[in-house]
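Taken from TrEMBL as is:
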| type | residues | note |
| --- | --- | --- |
| ACT_SITE | A:C9 | active site, nucleophile |
| BINDING | A:C249, A:C395, A:C446, A:C449 | [4Fe-4S] cluster binding site |
| BINDING | A:S296, A:D358, A:D359 | Mg(2+) binding site |
| DOMAIN | A:9-233 | domain 'Glutamine amidotransferase type-2' |
There are 4 protein chains.
Amino acid sequence: MFDEMHEECGVFGIYCPDGSLDPAHQTYLALYALQHRGQESCGIAVNDKGVIISQKDLGLIPEVFNEVVLNHLSGGNMAIGHVRYSTTGSNNRDNAQPLVMKYIKGTIALAHNGNLVNAYELRSHLQLSGAIFQTTNDSEVIAYIIAKCRLKAPSIERAVVEAMNTLKGAYSIVLMSPKKLIAARDPNGFRPLCMGKIGENIVFASETCALDAIGATFVRDIEPGEVVVVSDGKVESIKEHCGGKSSLCIFEYIYFARPDSIIDGESVHMARRRAGALLAKRHPVEADLTVGVPDSGIDAALGYAEESGIPYGLGFIKNRYVGRTFIQPTQGQRVNSVKIKLNALSSAVKGKRVVMVDDSIVRGTTSARIVSLLREAGAKEVHVRISSPPFKNPCFFGTDIDSRDKLIACRMSVDEICRTIGADSLGYLDAEDLEKLAPNAKCSFCTGCFTGRYPMEVPDEIPKNRFETKFDV
Amino acid sequence: MFDEMHEECGVFGIYCPDGSLDPAHQTYLALYALQHRGQESCGIAVNDKGVIISQKDLGLIPEVFNEVVLNHLSGGNMAIGHVRYSTTGSNNRDNAQPLVMKYIKGTIALAHNGNLVNAYELRSHLQLSGAIFQTTNDSEVIAYIIAKCRLKAPSIERAVVEAMNTLKGAYSIVLMSPKKLIAARDPNGFRPLCMGKIGENIVFASETCALDAIGATFVRDIEPGEVVVVSDGKVESIKEHCGGKSSLCIFEYIYFARPDSIIDGESVHMARRRAGALLAKRHPVEADLTVGVPDSGIDAALGYAEESGIPYGLGFIKNRYVGRTFIQPTQGQRVNSVKIKLNALSSAVKGKRVVMVDDSIVRGTTSARIVSLLREAGAKEVHVRISSPPFKNPCFFGTDIDSRDKLIACRMSVDEICRTIGADSLGYLDAEDLEKLAPNAKCSFCTGCFTGRYPMEVPDEIPKNRFETKFDV
Amino acid sequence: MFDEMHEECGVFGIYCPDGSLDPAHQTYLALYALQHRGQESCGIAVNDKGVIISQKDLGLIPEVFNEVVLNHLSGGNMAIGHVRYSTTGSNNRDNAQPLVMKYIKGTIALAHNGNLVNAYELRSHLQLSGAIFQTTNDSEVIAYIIAKCRLKAPSIERAVVEAMNTLKGAYSIVLMSPKKLIAARDPNGFRPLCMGKIGENIVFASETCALDAIGATFVRDIEPGEVVVVSDGKVESIKEHCGGKSSLCIFEYIYFARPDSIIDGESVHMARRRAGALLAKRHPVEADLTVGVPDSGIDAALGYAEESGIPYGLGFIKNRYVGRTFIQPTQGQRVNSVKIKLNALSSAVKGKRVVMVDDSIVRGTTSARIVSLLREAGAKEVHVRISSPPFKNPCFFGTDIDSRDKLIACRMSVDEICRTIGADSLGYLDAEDLEKLAPNAKCSFCTGCFTGRYPMEVPDEIPKNRFETKFDV
Amino acid sequence: MFDEMHEECGVFGIYCPDGSLDPAHQTYLALYALQHRGQESCGIAVNDKGVIISQKDLGLIPEVFNEVVLNHLSGGNMAIGHVRYSTTGSNNRDNAQPLVMKYIKGTIALAHNGNLVNAYELRSHLQLSGAIFQTTNDSEVIAYIIAKCRLKAPSIERAVVEAMNTLKGAYSIVLMSPKKLIAARDPNGFRPLCMGKIGENIVFASETCALDAIGATFVRDIEPGEVVVVSDGKVESIKEHCGGKSSLCIFEYIYFARPDSIIDGESVHMARRRAGALLAKRHPVEADLTVGVPDSGIDAALGYAEESGIPYGLGFIKNRYVGRTFIQPTQGQRVNSVKIKLNALSSAVKGKRVVMVDDSIVRGTTSARIVSLLREAGAKEVHVRISSPPFKNPCFFGTDIDSRDKLIACRMSVDEICRTIGADSLGYLDAEDLEKLAPNAKCSFCTGCFTGRYPMEVPDEIPKNRFETKFDV
């Protein structure tokens, strides 16, 4: 909850041929529903008969988009949007997306979720031919590759299909050329991407909750490897890259996605409840109360309670008004940030043996604080259950689990972690159970961060800011 | 949740004789925990050896207080803070509190929660002696009365005690004179007010959750009618106005207060669970799933589930990023604001008979939309249970239930309301059950808005902006 | 220019019976023209059939008023506005005007320029009857006195006339009752106030330049002691307090007012040119070039050049983009603020004997820096001529020359000042010549700050923050 | 003054090897002095041992840079800065400079003043090899060309020198590689660029007024065609492109530059006075008063007055508080924007025959309004003298005089213009006199916008947004 994993992006696109809806405004609403996928920056680009204007900045949707900005973006017949979490610290507004670029065939805008594993090679190769880069985004690499392919390809969609021969890794892309809206998902399908319909208008979104928010109907998921092109009111699908073994990121179900989304056929909420139930089977305990750590531990806690028969209850109140940061005092003691955001419900937990369900343990410090909140509130015992296996490996496909040294599970045994966080017992989801989380899913999974088994070749280690080089004379 | 009742204020005060804590910063953190009591404006006043400086403005805590402002307020040995909801529309920054005033004995600052029933008379009377008013707050009336009393009283605390002879209605006050911090609660104890301790420092707060947030220990509730004075490290209590029949607002338990607060001896969370259980007894139904409308229906839903045996589950996902307002499109259809903020969890409710628990129905439109969300998500039946009796009467003591014509329960029978909101059945908490909500409370209750039985004489009807007069020549 | 004197206010009022103009917008434009009279805060209050709404804040006009705010204030048939400079440091937004108050007869708004000499006594007296004060403005005292008088007076204008028996000192007031717009000027006429017409609409303003800005025609000055009432399209004058010896602040001509304003019959620009010419007669010198320190020394420099025959030229370029403050470096040397805002024109002054004309010397530090700029730019000699006599006495009537200890002329002889600022010679305007500055003025002058002869009894010394008391228990 | 010409940029760079100054802060101060060269956007990039961070945004210096931002940029040993005016309307924050780019050899930052004549060809050519562009700046083209040249060049400075073989047109560049600060000026020297020294630190700036502002000493102008490299405390000059015929933009003297700057050996102020004197010789008139239109007509008015013997005086007061835009009323008549910003000084001009000197006439509407201000203020005659020849041709080298259809002088004779603006007579500077403006300048001039004779081949016509293409499918 506080030193959590971060998804790097959410994308959205809408094609409104008949002007019945304002593309920018629909995108604005949809991005609210995708905000959980990225809170650092956001942006919208609108296509009005080939002229693309955009607004993007650091901040949440309501910070970046006010009435004046939305009016400025009003009109046109297509828009794409993006929310982004990035790992590179303070002030990199330049990295906000959508990326708008002019190339030989006009202007295109691109929004991207995922990480390439060969971005560094591609980038170096491009630089050796004289390319310059103004961001540290993989998206800029993708744009370059597409632009290169476009030189020979007969159309923008063919350029995208060609580019996919070169791009390795995770990418769910929404792209807008002067006349077309295109969605593409990498052949592994690491990141979700779906298509919906609202009247005659076509939309693409990272998650179905964005469709719900604007009243669109779910049509289908974009297949791993598929390219979908919308133009002149027609929707075409190119499946040349389809058919390989897919590997949706399993952590989308466990943590990243919103519980009300349905990804590749499986409900996120149900997957989490199943995780809780599987935990209860593997790690039963005698206790009086099951509580979830808000917000992402709630669903699994319900599953644990159902399976174990230990009643579910509220264990915490989360303060909805404290933002990502609050101001620490300049004098006197530092303030416990967990305490400001979370309070244990002593009237519910006092004197009880409590099962506390959370989605993951990253560094352990936050878990320790939350356990301690329960004890201070009078809990007699605290049994921690984690609805995912221990993180032991970096992620190369678009989350920031990229360094082994900060992961507590790389340094300690489960027993040691249990003592470190001050729990009476600790149980993780068994890696073997991962396969059982999403029985309805039409795809296979990437479980690399838990198992070290990646669905494609990966680099040795990813440095945080791989493009922040500083050599030369 | 969307056309909800509003509490008009939260107050906080801290006395730090030894400089171990920064008063402004502690107040800032505490106000975060009280933000649910008022989201329109907020303010902090700091007392540095008799010089009082303050910052107050329209907006939430993080909007009004940034690092620069908090540094500016840093220092001193006392501070008071206030969060406010008001009913008077757009731009009345002048009404933000604390009120800082200079009078014959120096400067005092005052923060107030509640409503006087005789404010209009007092104000008219003062104006007849030449007084001018710069706000439409009752607090300005209270300040005047205290200032008048101070002319004859030997000390500020005696002036407060004298003023209480004149002030009728609801007031929980925190007040700062050059050297003293004073807390006072009206003889009925309509609004909560408690005292805590953090090291040698004394704090007062509307709710105990504010004590938890800053790591303070709960000492005791301020008694109805009590005046507590802190100065020179001593805490004194004046109880001349104590001993009458108290009448804490019952809606503090049902809706206003935070579930993790304990008011006058009773846990808010437990009171709500009891409300749910009482509902289940009075209005049983055959169903498959009990869900609560976030956030205030959750606790009662758990109580309903426990009592009825119908399993509790998640029914909705609330979007945490959509603020109080979002921008409506300038073209195309209006957006359903409930849909943007709330999504039904179809994987949980599809095909189910659902009991939906909420805290109240005001106008009915929001309830209708939420019922409809469940049906669109596939719920087979929707049985609405409300953890309070129908609102039929205005409140004169500090909430904005002040006009009968908007209250659906004044115009319709329960059956009609049930049809209007599209539910399969509808059950309200029985007014007789109100007494059973808080068996541990050391006080009696005001249930006027439900029963029409007020604990003191009240005016005929309160106009919204009673001080916005416009006569004269 | 940098450690300058400050006028404390500018006022404006407009009465638009027929809705042909938007009162708030006209006030906004007029305040731009009066901004030189006050840059700390500003405000506009609009009267729409008795309902008064207002916006006021710290900052310049374009910082406080944007399109949204002006639209919010749009409508109504009267408005008043205010710009303010204050002497009390950082964050006193509460002191911004117009003051809007509710009293026995409804709501009135008041904007005030000047200082009372008996504010402290009046305030103490009011506090002894229980009054509370929320600002440290004299305006709040004036409002109270008028409210008191209104209890017995048959109309608001009679209350104003009665109040003038009690108020001592400088006040040019514009006041708005539910139905009337009233302008009043103290019997001495310390501060300017004039009336204009634009179509059928009546306006009042501190200076005629505000009339020019909105295209209004000058009608006449308000007489010292006069009260003008506009209502129902009629303009009435009450002259009960007229007829005494007037004493317009002579420094309005020398520094405060805009050169394009005409005050009480005399052009400010011409008065300054005359000051330059009088200086040239009293303090001739052999030199090659006359330059003025921008902006307020320019007019007098032209007068000096005309009279002396020493050619006028540009000596400095002022940076128009550097605001009141710029950010000092956190490391390395402090930056010379004069240098950032002003550059000497070396191509014009190199090798020349220069006469440098400025309006005043306050502490001397700024003058020293400007002299040094000229020398660094190559000036052979620098002869400083000041178009006012030395400041030797505090002002009690609305400027901040209120403390003798900072005034260089109280501590040093002219010769010493000349050496301190590094000039080759220094000449001040002779106090006897003050009478010759404005031969066309229909009034007499207050020259107290130069001569110590005040037109009324004054207190011994004014403390800066006279109302910031901090006693009591 | 209101529909004026716009310079497109100002640049600055500083190299502080010993940390005695904060590079970002010095740049901040210097940009204030260059703000007149661009008010749309600005930016600073700082180099801290090869890591380049930057801040750039739409707005003036004080709008973009506050204390927090400057602290963030604090440190390092080099910085470059940029102010920009652009012609492309509202929201193009992406075009703000410095441009920071990563290329094969690390990160470089670049700030550029001027316009390439072959930007379109270069851009098309680059796009044909797959390049993408994220701005519509020439600077991005320059960066690409340098990056391409760097592939073969042994050093960044050699890459710049090579790039200059390809770049055609106007460019004064300041560029920062990880270890070097480089300044380059195109072989024609269209735009100014100079070098200064402050202690051991080297600075480059568009104008000398920026050196004065930070207390730096002028060293010399960068020669047309010169590349200056600063690294390891050494300053090296590469003059391979020097020696051709130079062509400094003559309009730098007439309008763009600040009067206190000295460009290529000639004082801007003196050049303007000479323009005024030359006007007086060519277009004498019988009159009583010479006035300049603030601010850019003042110097030439002094020259006219000196030569003609007609006394110089103040004719206008400019409102220093009205920014680039003010809010027009939503109801009622439109406001005359000239009137809000400028007031004629009736006490000076009434009854006089006035010579009004201004720097140029673009569309004529503003001139007409200013003439009318003088007449309304009582001027008997108004003789307009323009200190430049009529604009008849577009500029291809960095100003926005790029379209003939808006230029009044392309459509009308001088007599017609005279009647259009309502003057009694009108005289322009003779194009032949242009050569006499700057006798001390070490360079020749481009007078293309007046004479149509350009110093190099130019395209037929430049479309406003030449890179805003919108073809493709």
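From the backbone N, Cα and C atoms, a Cβ is placed for every residue, glycine too.
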For A:D359 (Mg(2+) binding site), which DSSP three-state class applies? coil
In all the protein chains shown, the tally of other Cβ atoms within 10 Å of the Cβ of A:C449 ([4Fe-4S] cluster binding site) is 26
Between the Cα atoms of A:C395 ([4Fe-4S] cluster binding site) and A:S296 (Mg(2+) binding site), what distance do you get, rounded to the nearest Å? 20
Going by a 10 angstroms cut-off between Cβ atoms, which of the recorded positions A:C9, A:C395 has the sparsest surroundings? A:C395
Whole-number Å distance separating the Cα atoms of A:C249 ([4Fe-4S] cluster binding site) and the residue listed as 'active site, nucleophile' is 14
Roughly how many angstrom lie between the C-alpha atoms of A:D359 (Mg(2+) binding site) and A:C446 ([4Fe-4S] cluster binding site)? 17
Mean pLDDT for the domain 'Glutamine amidotransferase type-2' (A:9-233), as a whole number? 92
CA-CA, which of the recorded positions A:C9, A:C446, A:C449 lies nearest A:D358 (Mg(2+) binding site)? A:C449
Let me know how many other Cβ atoms fall within 10 Å of the Cβ of A:D359 (Mg(2+) binding site). 25
Alpha-carbon distance [A:C9 (active site, nucleophile); A:C449 ([4Fe-4S] cluster binding site)] in Å: 18
Reduced to three states, what secondary structure does DSSP give A:C449 ([4Fe-4S] cluster binding site)? helix
A:C446 ([4Fe-4S] cluster binding site) to A:C9 (active site, nucleophile): how many Å between their Cα atoms? 18
Packing count at A:S296 (Mg(2+) binding site) (other Cβ atoms within 10 Å of its Cβ): 23
CA pair A:S296 (Mg(2+) binding site) / A:C9 (active site, nucleophile), Å rounded to integer, equals 18
